[in-house]
Amino acid sequence: MNKTYENLVSFLKKAKDKTKVYYKKLRSNDSFNAITGAILAIFIGLLFGVILMVIINPDNAREGISRLFKGYLNDPRGGSIGFAKMLTSATPIIFTGLAVAFAFKTGLFNIGASGQYTVGLFAAALVGILGDKLNSFQWIVAVLAGMASGFIWGAIPGIFKAKYNVHEVITSIMFNYVAMYVVNGLLNSDYLKTKVINGTTNRTIAVDQNARTSYGFFDTMFPNSGLDISIFIALGTAILIYFILNKTVFGRELKSVGLNRDAAKYAGVNEKKSIILSMAISGMLAGLGGALFILGPSVYNLGNVYAVENVIAGAGFDGIPVALLASSNPIGVIFSTMFVAYIEIAGGPMQSVGFVKEIVDIIIAVILYFSAFALIMTQNLDKIGTIFKKVKFKKKKKDDINHLETKAGEN
Amino acid sequence: MAFFISQAMFFIIPLLIVALAGMFSEKSGTVNIALEGLMVIGAFVGTFFVNRMQAIGFLDGAPQFLLIISLLLAGIGGAVFSALLGFLAINMRANQVIGGTALNLLAGALAIFLARQLQENNAVQISYNKEVFRLKSGFLEDIFPNINYIFFDQAYITLYIGIIILIISTIVIYKTKFGLRLSACGEHPEAAQSVGINVYRYRWTGVIISGFLGGLGGLVYALPISVSFEGTVAGYGFLALAVLIFGQWKPMRILLAAIFFGMFKALSVTFFSFDWISNLIEQYESVIPFGTIFRILPYLATMVVLAISSKKSKAPKASGIPFNFKGN
């Protein structure tokens, strides 16, 4: 009896030590901390949104909040179609998110995904509309054109950074506006205006059937939801980027320049070339996103269009929160994009019960705000433990003192 | 020409104020990418106040007084919003570029959200009558009609407020104990701490001043160029950041940089008012896309100038680096 008890105690003790070791290992794991931090930030952001909704419209809050959390399930054509629509809207954001994440991993902050997305979209649209002689190659050429123009547009801030030491945040932001004005100017030029623009709507016309992305088997699975094979290209690209960054010498070199430019230079890495290439590849990813967006068959095979307005593309900016929320992990980008798409798709249904859809944008911004110090928050989670220990310790000390005092009293 | 200069003023003054806003923050050691967001918040608070007061006819007889009150409110709005940056950058020691980006996103969403929530029919636009705020003074009209046009007839009081802010900023940064200590916190916070300067407090003050000026600058930008505010300042905060870098964190050079960019920006909206450009356009319209060129010129000029001036950057050394006070 006594022996079994002792065995049990030693077993429990061992188990406790093991969990402690395991926990310590987990705590020092970067991706564990990143994920806990992101989840904490998401929790705070959603809580903030819920409180906001209760304050501004208490009568409809219950319905509004339930619609927010239902996400794609709100779709009138059913949850599965809603799910497909969510994936459709998420696809370009995965690319711009990957663009921001890739640059960030190599120590660069690419706010210019919007401009790179726009030029990629524009180049792909031109090939898709004017290149009808290419026949079955039209799609491939359009995608390559989009990637190439994104590559070039991304390389510019890289060149400015590498050669002239101009901060890439400033350059890439400037080139968002330059891209938008140049593309809009070209679309309004005499040559393109009649061929590419629909005069009444001031939008581009849809690309040729030959240039459109295939629906794949999604057409029968989720009819008329707009979901096409680009989602697979997005997932594949994310895995490829993860592989390049973590498993290749090239990726290591790029990352080493991001960590310490001078050290990398000393180690024999051509740091200027690395910076330019990082930004260019980042731009290429955003350009690919733009191309696949405009080449997408869209709902009921109507094709996507680009509106000629003097507003820079929002898809580029959506890439920033998803990349940062994922701590710039390419695989994480997939999940964070899905999360953002999930709550963003609830914006419309929320509107019909009296909540403006900007609440979702606010929630995302709050999440990003908190994820900026998520790592510090997760580190403080441990501190909460030590605070408890301290309280205990103080109490013990107090007890000791009391004990001593009573002893002294006895004497 | 008078029309061009008067238009240029509407771009130069806000750029100047907002770049100075960025300067106060960066001098103290906090990078302020959120200038754009601060401008949006300031423009929202200011235009919304003007909209409501004009609707009920408050201070109709004293428009300049109303404008000054709304400028103060815009500044306070910006200062409150900048506290979010201060908390994140100073207390939480987080990545300031990510935090600033979050605040830029938040400001845009918040402005549209509040505009829709507070106005009838969920309207995003906040409209106002800006004409009442023009100075419309006939001072010097008979002797120098052009100068009168630029500085006293078409101008807003914000022109003079901008100049006053520039003068005060220069004095504060270079001639006061506060300014020198602020700069010390951005150059070498450990050294500052070692001589008994509370780095956290100075950084917080820098960020709050930055927020106040950024918010105020947002209204100064939004009011003259449009008849309504739609929740965006069109990347002007980033342009101001470029002005700050080109101005090498020095008030007078910031003024020159602001004039340089303001001129280009004004050119992109007034190029048709110059006869020789109009003639050029008429001749070569079919070959050269003038509209696009003039629109992208301010951005390209920024890039070229930054490429030339960034080699020997005089940025505060500790700017963007979180300060961690290791007590006893």
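Positions of Cβ are set from backbone N, Cα and C atoms, glycine also.
As recorded in TrEMBL, the features of this protein are as follows:
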TRANSMEM  B:6-24  transmembrane segment
TRANSMEM  B:31-50  transmembrane segment
TRANSMEM  B:65-90  transmembrane segment
TRANSMEM  B:97-115  transmembrane segment
TRANSMEM  B:155-174  transmembrane segment
TRANSMEM  B:204-223  transmembrane segment
TRANSMEM  B:229-247  transmembrane segment
TRANSMEM  B:254-274  transmembrane segment
TRANSMEM  B:286-308  transmembrane segment
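Ranked by number of Cβ pairs under 8 Å to the transmembrane segment (B:229-247), the listed stretches B:6-24, B:31-50, B:97-115, B:155-174, B:286-308 are led by B:31-50. Highest Cβ contact count with the transmembrane segment (B:97-115) among the listed stretches B:6-24, B:31-50, B:65-90, B:286-308 falls to B:31-50 (criterion: pairs under 8 Å). Taking Cβ pairs closer than 8 Å, the transmembrane segment (B:155-174) reaches residues 6, 9, 12-14, 16-17, 20, 23-24, 27, 64, 67-68, 71, 133-135, 180, 182-183, 213, 216, 220, 223-224, 251-252, 255 in its own chain, all 6 or more past its ends. In this chain, the transmembrane segment (B:204-223) lies close to the transmembrane segment (B:6-24): three or more C-beta pairs between them fall below 8 angstroms, excluding pairs fewer than 6 positions apart. The stretch in closest packing with the transmembrane segment (B:65-90), judged by the count of Cβ pairs under 8 Å and taken from B:6-24, B:31-50, B:254-274, B:286-308, is B:31-50.
Within its own chain, the transmembrane segment (B:254-274) is flanked in space by residues 3-4, 7-13, 15-16, 19-20, 23, 166, 239, 242-244, 246-247, 281, 290, 294-295, 297-298, 301-302, 305, which lie at least six positions past its ends and keep a Cβ under 8 Å from the stretch.
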